[in-house]
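Features as listed in Swiss-Prot:
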REGION    1-21  region 'Disordered'
COMPBIAS  1-10  compositional bias 'Basic and acidic residues'
REPEAT    57-94  repeat 'HEAT 1'
REPEAT    96-136  repeat 'HEAT 2'
REPEAT    322-359  repeat 'HEAT 5'
REPEAT    365-402  repeat 'HEAT 6'
REPEAT    532-569  repeat 'HEAT 7'
REPEAT    614-652  repeat 'HEAT 8'
REPEAT    788-826  repeat 'HEAT 9'
REPEAT    853-892  repeat 'HEAT 10'
REPEAT    1059-1099  repeat 'HEAT 11'
REPEAT    1120-1157  repeat 'HEAT 12'
REPEAT    1163-1203  repeat 'HEAT 13'
REPEAT    1507-1544  repeat 'HEAT 17'
ZN_FING   1823-1870  zinc finger
Amino acid sequence: MGKPKGDAARSKARPSSSSLAASLLPSGSAAAVGFGGYVGSSRFQTSLSNEDSASFLDLDSEVAQHLQRLSRKDPTTKIKALASLSELVKQKQGKELLPIIPQWTFEYKKLILDYSRDVRRATHDVMTNVVTGAGRDIAPHLKSIMGPWWFSQFDLASEVSQAAKSSFQVGSSFGNSVFLVEAAFPAQEKRLHALNLCSAEIFAYLEENLKLTPQNLSDKSLASDELEEMYQQMISSSLVGLATLLDILLREPDNTGSANINSESKLASKARAVATSSAEKMFSSHKCFLNFLKSESPSIRSATYSLLSSFIKNVPEVFGEGDVRSLAPALLGVFRENNPTCHSSMWEAVLLFSKKFPQSWVYLNVHKSVLNHLWQFLRNGCYGSPQVSYPALILFLEVMPAQSVESDKFFVNFFKNLLAGRSMCESSSTDQLSLLRATTECFLWGLRNASRYCDVPNSIHDLQVDLIDKVLVKILWADFTELSKGSIPPNQRKSAENLGMGNSVSYLQELGRCILEILSGINLLEQNLLSFFCKAVQESFLNMLQQGDLEIVAGSMRKMIDFLLLLERYSVLEGESWPLHQFMGPLLSKAFPWIRSSELLDGVKLLSVSVSVFGPRKVVPVLIDDIETSTLLSVEKEKNMSPEKLIKVFQEIFIPWCMDGYDSSTAARQDLLFSLLDDECFTQQWSDVISYVFNQQHQGFNNLAAMKMLLEKARDEITKRSSGQELNQRIGSRPEHWHHTLIESTAISLVHSSSATTTSAVQFLCSVLGGSTQDSSISFVSRSSLVLIYRGILEKLLSFIKQSPLCSVNDTCSSLIVEAIAFDSSSSVDVIVVAKFAAEVIDGSFFSLKSLSQDATLLTTVLSSIFIIDLENRMTSLVDNTLSESKEKRKDRNFVCDYVHAVCSKMDNQFWKSINYDVRKSSASTLAQFLRSVVLLEDDLQPFELTLLCASRMTEVLEYLSLDQSDEENICGLLLLESDAWPIWVSPSSSASIDTHGMPVQLCELRKSKSQRYVSFIDSLIMKLGIHRFIVGHKDHGFASQAWLSVEILCTWEWPGGKVQTSFLPNLVSFCKDEPSSGGLLNSIFDILLNGALVHVKDEEEGLGNMWVDFNNNIVDVVEPFLRALVSFLHILFKEDLWGEEEAMAAFKMITDKLFIGEETSKNCLRIIPYIMSIIISPLRTKVKSGGSGKDTLLPLEVLLRNWLERSLSFPPLVLWQSGEDIQDWFQLVISCYPVSDKAEEAKELQRHLSTEERTLLLDLFRKQKQDPGASTVVTQLPAVQILLARLIMIAVSYCGNDFNEDDWDFVFSNLKRLIQSAVVVMEETSENVNDFISGVSSMEKEKENDTLEGLGHIVFISDPSINSAQNALSAFSLLNALVNHKSVEGEDNLKSLADETWDPVKDRILEGVLRLFFCTGLTEAIAASYSPEAASIVASFRVDHLQFWELVAHLVVDSSPRARDRAVRAVEFWGLSRGSISSLYAIMFSSNPIPSLQLAAYTVLSTEPISRLAIVADLNAPLNDESLNDQDSSNAGLPSEDKLLLRDEVSCMVEKLDHELLDTDLTAPERVQTFLAWSLLLSNVNSLPSLTQGRERLVQYIEKTANPLILDSLFQHIPLELYMGQSLKKKDGDIPSELSVVASAATRAIITGSSLSTVESLWPIETGKMASLAGAIYGLMLRVLPAYVREWFSEMRDRSASSLIEAFTRTWCSPSLIKNELSQIKKADFNDESFSVSISKAANEVVATYTKDETGMDLVIRLPVSYPLKPVDVNCAKSIGISEAKQRKWLMSMQMFVRHQNGALAEAIRIWKRNSDKEFEGVEDCPICYSVIHIGNHSLPRRACVTCKYKFHKACLDKWFYTSNKKLCPLCQSPC
C-alpha cells in the first residue's frame, strides 16, 4: 500500500489535486458541506491512504461513541447522535477536526441514502459544521466527497436539498436552472473550478448510482417499499444531477470575463472532454435511457426528460440514426404521460427533440403514435398541467413538420379536442384563461401559416375559410351563443348548459374576448376572410327570426347583446369599422322591421345596446335603410346622419313607437328612446318626447304612468352622463337640462287638487321630486315649484292632524299653521284620502326634503307634522279599541299613519346631518312641546306605556338631531316648564311647597294622576339621557335651581312603571358619587323637603301612629309625601356614604333649632324629628365619640338626649296614657335615639357610645313602665301603647340588659308572650272561621263562587292592631334571641343577668306561639285551596300585606327546636281542622303568592326531624318501618306490600303525575320551582331513612315503579351541558365557566352531605342560575339515593350527543365523590362473619369480595366504572375453589343483579348477596323464577308454595308471572294456583 505511481514525475509548476482543491476553499472557517453518498464498492473505502489516515483510536471518546451510534438502525438514535455530534464539531476548529474527518466521511456516505429524511437533513447539518471548522484542511478529501456532495443538491425532499444547498451553492445561471453553492465556494470562479477539478469523480459517482438496482442498493435487510423509495430517490437525484452538470460544464464559455481564460482554459477543456466522453459512455451503456423513461416512478421519468433535454442541447452528436429511431416513439408519443409533475420537462424534451431531429417524424405512424395520444391529452385538460401545457401548444405546432399531418382534418380535430378539455378546467379561472389564450394563438397561427400546408393559393384560402367555418363559427361562436349548428331545442339546451362551463359567466366573457381577438386578427390579416364569419352569423340569426321560436330568438339576442358589450369593453372599435359595417349593420338592417313588429323585449334591448355602442347617428341610417317613407330622405351609407334628419326620424318613427301603449316592453322601448338622444339634438328631442306624452289623450293611455317611467329613466341617464370624464360638461348631465314647463305645471296642479289622488299621480310626483333613496337627489322641478308642491302636501297633512281623535295631537295642530299656508279647516274634502296621498308622496320622495333647507319654516313644519303623525301611530296601540266602532274609525287613519311611520324610519343620523341646524333646533323644540302636551293631556291611554313611548321618541330624536349642549339643555328645559297640572308639590320658581288646601278632591286626584304620569315621563328620560341633563342642565343658575325637580320626584314617590327607591334615588346617588360638587344640590333638596314636611305633617296626624319603618321594605307606610321623601332621602345618603358625621351634625342642629318656638314645642317638628333622629343618630354618636375630650363637642347631643329622657320620665307610665295626650311624640323621639341591631357586634358598638348617665336614665324609663299593674285593661285598649312598649323593651334589653334584675326579665317575657299570644288568638280564630266557612259552602253551586270569594276575603282581612303589636314583639324577641345565641357561642359576659334555666323554657314557649302562627296561616291557605286556587290566593295576599311580620315569623321558625316543632304539630293535629299540619306546610311552600322566607321555613321544617318522617307518605299508610331486612327471614307477617304505599297528594302530583308540559315552561316558572322542591324533599327523606330497612326499601321501590323519569330531562334543561363542548372537560375547576362551576359544586356537595338544604337556602329570589344549582344538587342526590333509577333512564336515552355530555358531566363532577363514598361505606361495613371478607383498591376502584365455606371459596371482583353509576358495575370471578362452574356462574350473576339493581349503597348490595349465599348453604331453595333466594327488589324469601310440586316462589315473581302469562298456573308443574 505504497504511494501512487507518478508522484516523482510531478513538476513543481503543477500543483497536486489536493493543493488545488485547497486553493479553491476559503481560508478560515467559511467552508460548509453538502449532500453525499456511496456507490458500489466505493462506499466502504476511506478517503485517505493508511499512511495519512489517523487511527480510529485517536478519536475523542465522546465523538467516537456518537459515530458508532450512527450505525444503528433506529432513526431516532441516529438523529440524537447527529445532533450531539453537531454540537461537538462546533466546539472544534482546524486541526482538531482532522482525526474525525476520515471516519465521518465513511459514515457520511452511508447516511445520505438513509430512508429517514430527518436523518439525511441532520447529516448535512453535521457536514456543514465539519467543513466550516476544518476550512482548507478538508482539501485532501474534496474529490472523494464531491460526487456525493453534488448528488445531495437534488434530494427529492425539499428540506433535505435545501440543507445540502446551503453549504454548496453555485451562483450562476445555466440554462433554466439556478444552483447556489455559496458557503464552501463563495467566489463564482472557484465554484466552477471546483466542479471542473472534480468532474471525473462526480461522473463516476453518478454512473455507479445509475447502475444500482433495488436489490443491491443496501446491505441491510429493509422492507421492500422502503428499498423501492430509496431507489427512486437515488436514481431521480442522480439523473437530475447529471443533467445539471452537463449544462454547467458544456455551456458556451462567457467571454465577458476573459482575463483568466488562459489560466483556466486547460482545466475547463479537460472537464469538457471528461463530460463529453462520460456522456457518450453513459448514453450508450444505458441505451438512450429508455428504461428510465419507462419507469413507473414520476420522479424518475421527469428526471429522464430533463437529462435527454440536456443531451440534445449539449451533446447532440451522441444521437445516431438508430438512437433517433428508438427515441422517436418514446418522445414524440409521450402524450400518454398523465402525471402533471413530468409535463414541464416532457415538453422541453419533445420540443427540443423535434426541432433538432425533424426527420424523427418519419420513423413512426404519426396518427397512431402521436395524434391519438395528443387528442386524448387535450381532451383531459392536459392531465392537470394547463399552465404548462397550453402555452407549449403553439411551439409544438411550430416544430411539427407540415407534411406529417392532413391539414384539413388536423386543425379541426386539434381545436375540437382542445376545447373539449375545458370541462377539466372549470374550477380555475386561470386555467380557463390559459385554454382560451392558447386557442386564440393557435387559431391565428393556423390562419397565418396556412401556406405551410398548401402550395396552391386557392387551397390556402380554402383552408382559412374552412378554419373559420368549422372552428370559429361552429365551435367557438356556437359555444358562445349556446347553440350548435344553428339551433338547439330548449330541452336539449338545458342539458348542454350542465356540461362543462358553458353557463359560466366568467368563462363566456373570456370566450367572447377570445372570439373578438380572433376577429381582430382576421381583420388585420385579410378583411375578406372576416365576411365569411359575419355572413354565417347573420344568416343563422335571420333564419331564427323566420322560424319564429321566440324563446330561441330571445336567447340569441341576449347573447348578441353580450357580444356587443364585450366589443365596447375591450375597445375593439378603435380604428376598426368592421363591427358595424360588416357585422352588426347588415344584421340590424334586416332584423329591425321584425323587431319593430314583434316588439320582443330582447330585440328592443339589442337595438338600445347597438345605439349605445355605435352612436345614434351611425345606427339610425342602418335601421331605416329599407324603410320607404315619403317624409324621409335617403341617407348615404357609412356616413353620419345630419341633426335635422335625425330629429325628423326621431319624431316620426321612434317617439310614436316607443311611447305608445304601456305594457311589459315599455321600459325597453324607453331605454331605446334615451339611447337615441344625441348631444347636439338633445334639447329638441327631450322637448318632443314630453310634448308627445302630455298631448296623448286617447283612451287607455296613462300619461302620468308613462311620465313616471320616463323620468326614472331620465334620472338614470343623468347619473350615467355625469359619471364620465367631462363631469357636468355634457348636455343632459345636470337636472336642469331636463326641466320642462309641462312637468312643473302638472306637478303643482296635482298636489293642490283634492281629486287627483290616484296611485299614478303619487308615482308621478315622487318621480318628479326624487329623493326615494339617500343618493337620489335629482329633481325635475325648479326650487320655487318645489316649495309650492310641499306647501300643498303640508296643507293635506295639517288637515289630517286637525281631525285627530287624540286631544294632544289636535291641540298641537294650531301651533304648526303658519301664515304662508292657506289652510282651510272647513274644507269638505275627504281628509283621509288626501292625507294618504300626501303621506305616499312624502314616503316616495322623502330625501328630497333636504332641498327645502333654505326655507326653514316650511321644512320645520313638514318635519314636525311627520313627527306628530308618527307619534299618533305609535300611540294607537295604547288606545282601548274594544269597541268595534272605534276599530273601524281608526282603521283608515292608521293606514295613513303607517306611511308616515315608514318615513320616520328613514330619519337617521346621515339624513339629519344634511338638514340645516336651525331647522333641527326648531323641530326639537316643537317635538318637546308636543310630547309635553301628550303626557299631560292624554288621560285615557295606558300611562306607563305612554310615558315610555314619549321618552323613547324624545331620546331618539335628540340623538339624531345632534344639537349643541346648550341647545339640548334648552330643549330639556322646555320639558320642565310649569303648567296647570304639573308640578303639584314644589314651585319651580320659589322652591316652596304648593298648598293644595281647598282644592276639590276630584280635581286634586286628577292633578295627581297627571303629575305622576309626567314624572314617569321625566324619569324615563333620566334613565335614557342621564340625570345630569335635568339636574345640572342650567349651570348658570347652579345646582339649586334644579333641586325642586328632585323634590317633586321624591314626593311623587310612585308613578307608572317606577318608584323613587328603585329608579330615581339610585340615579341620584350614582350622579352625586361621580360629581364632587354635588353637595349644594343635596343640601338644597334637604332644605326643601324639611320645610315641606314641617308644613304638611299636620295633615297626616292620624297616619303617624307607627313610625317604626323598615327602610328597605316598608317606608311606604309613611303617608305624608314630604316626610316620606325626606326619610328615604336621608336614609340613602347615609347608607351610600354621601353624607357623614359632619352633615349629620348640621342636620341635627337644623332640626333641633326648629323644635322649639320660643318656649313652646313645635308639634309639627316633634312629629317628624323621630324619623330624622332614627337615621342620623348613629353617625352623630360616632362624631361625638371621635371628637376627643373637648366638652364643646359633647354638650349638644348628650345634653339634649338627657333632657329628652328626663322629659319622658316626667310623664306617667305608658299603661296610664290616654288617647289625645302628646306624650307619644316624646316617647317616639327618645326611642328613635337608640337604634338596635340583632347583630351582636353592632349592638356592642352601639352600647359603647352610651354614657353611664344615659344608661341609668334609660333603665329608669324602662322600669317606670312596670308601675301600676292595674292598668292592664288600658293596655288592651290602646295599640299605640303596645307598640311603644315593645320598642322600649327592645332598647332596654339591647342597652341595659346586663343591669336587669329578675323582675325586669319577668316584665319583658310577660309582655312579649302577651303580645305574641294576642296575634296567635287572632290567627287561630281566622283559621277556624275559614274552616267553618269553606265547610259550609263546599256544596254550593259554581255560580256563587264570586260571593264565596268575597266572603272569604272579609274573613281573612285582619284589621286587628294585635298584628302590629306582635310584629314589634317578634322584633324584640328576635333581637333578644340573637344576643343570647351570640353569648352562648362566643362565651362573652353579655346579658349575664339572664340565666339559661330562665331563658330556655321561655324561648320554647314563645317559639311554640310563633309556630302556631306559622301553622295557622298555612292551614288557612290549605283549607281555602280545597275550595279553589283563587280562594288560596286571597289568603296568600293577606300575608303580603304584612310582609315584615311574616318574615320575622319565618326567621324564628327556622331557629325553633325539634321539641317546639313537635309540640306545635301535636297541637295542630289535636285541633281537628279539615287540614293538618303537613298540609299547611305544603300550602306555604307551594303558595300561589309566595314569600321566600316562609317557603324556606316550610321546606326546613318538612326536611328535618321530627316532621320529615310525616312529610312524604300519605296519612292513610302505616308509618315507614325501621325494622331491618335481616329480621324478615323468620316471618313474612306484618310486612305491608309496596303497592299499598301512597305518597302525599302534594308530592305525588309532582313525582308520579309529572306532565310533559313542564319541559316547555320557563326555567324559573313556579311549576318548576315547586317540582324541584318536592323532589328535593323526597330524596332528602329517602336518604335520611336507615339503610336496609323496610321503610326505605318500600319507598325506594315505590319511587322506582311510579316516578316519572321526566324529572331528569327537566333537570338537564338547567344544567349548562353545552359548556362541556370542545375542551371544557380537560380544564381544571378554576378554568371552567362560573355557571358550570356553581352547578357542579352543588351536585358534589349534595352527594357528599346527602342533602340539598344548603342549595335550597340560597334559592330565593328565584333566578336561572340558582335554579341550575338546585337542579345540580337534585341530580347529585338522585345519583346517591337512586342510582339504578338514574342508570335505567340514562340507558334509554336516544340522543347520543346529549348522553355523552351527561356522562362527561357525571364522570367529572359526580362519580369521583360517589365512588369514594361507596368504597368508604364498604370499608366501614361490618359483615360479622369470618367466612366473608372484603378488600378495597381505591386506585383501581375495585372491591374484592371473598366468600369461603367448608373448604370452598370464591373471589368476586366488583369494578366501578369511571362514570358510575350511569354505567353498570362490572363483576368478575377472579378465583374459585371447590365450586362447580354452574354455581360459580349463578353466584356471579346474582352478584351482578344485586349491585346493578340496588338503589342505595353498594355495601348494602354486597351484604344482601352474602345473605343470599348463606341461605343457599343453609338449604333454602331459590326461587325457580329469578333463581335467587333473596328477591333483588324487596329482599324477601320464597314463601309462596305450589300445592302440587311444593316449590316455593317469591310473591313478587309469582305475581309478575301471572300478569305476563295471563293465567294462574304454576311455572313448573302448570297446575292451577
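Placement of Cβ uses the backbone N, Cα and C atoms for every residue, glycine included.
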Cβ-Cβ under 8 Å with the repeat 'HEAT 11' (1059-1099): same-chain residues at least 6 beyond its ends:
985-986, 991-993, 1019, 1022-1023, 1026-1028, 1031-1032, 1038-1040, 1042-1044, 1046-1047, 1049-1053, 1115, 1120-1123, 1125-1126, 1128-1130, 1132-1133, 1136, 1138-1139, 1147, 1150-1151, 1154, 1162-1165, 1167-1168
I'd like the per-state residue tally for the repeat 'HEAT 11' (1059-1099) from DSSP, helix first, then strand, then coil.
39 helix, 1 strand, 1 coil
Quick one: DSSP breakdown of the repeat 'HEAT 7' (532-569) into helix, strand and coil?
36 helix, 0 strand, 2 coil
As a quick check of your reading of DSSP, tell me how many residues in the repeat 'HEAT 1' (57-94) are helical, how many are strand and how many are coil.
28 helix, 0 strand, 10 coil
So what pLDDT does the repeat 'HEAT 12' (1120-1157) average out to?
89
Per-state residue totals over the repeat 'HEAT 5' (322-359) - DSSP helix, strand, coil:
33 helix, 0 strand, 5 coil
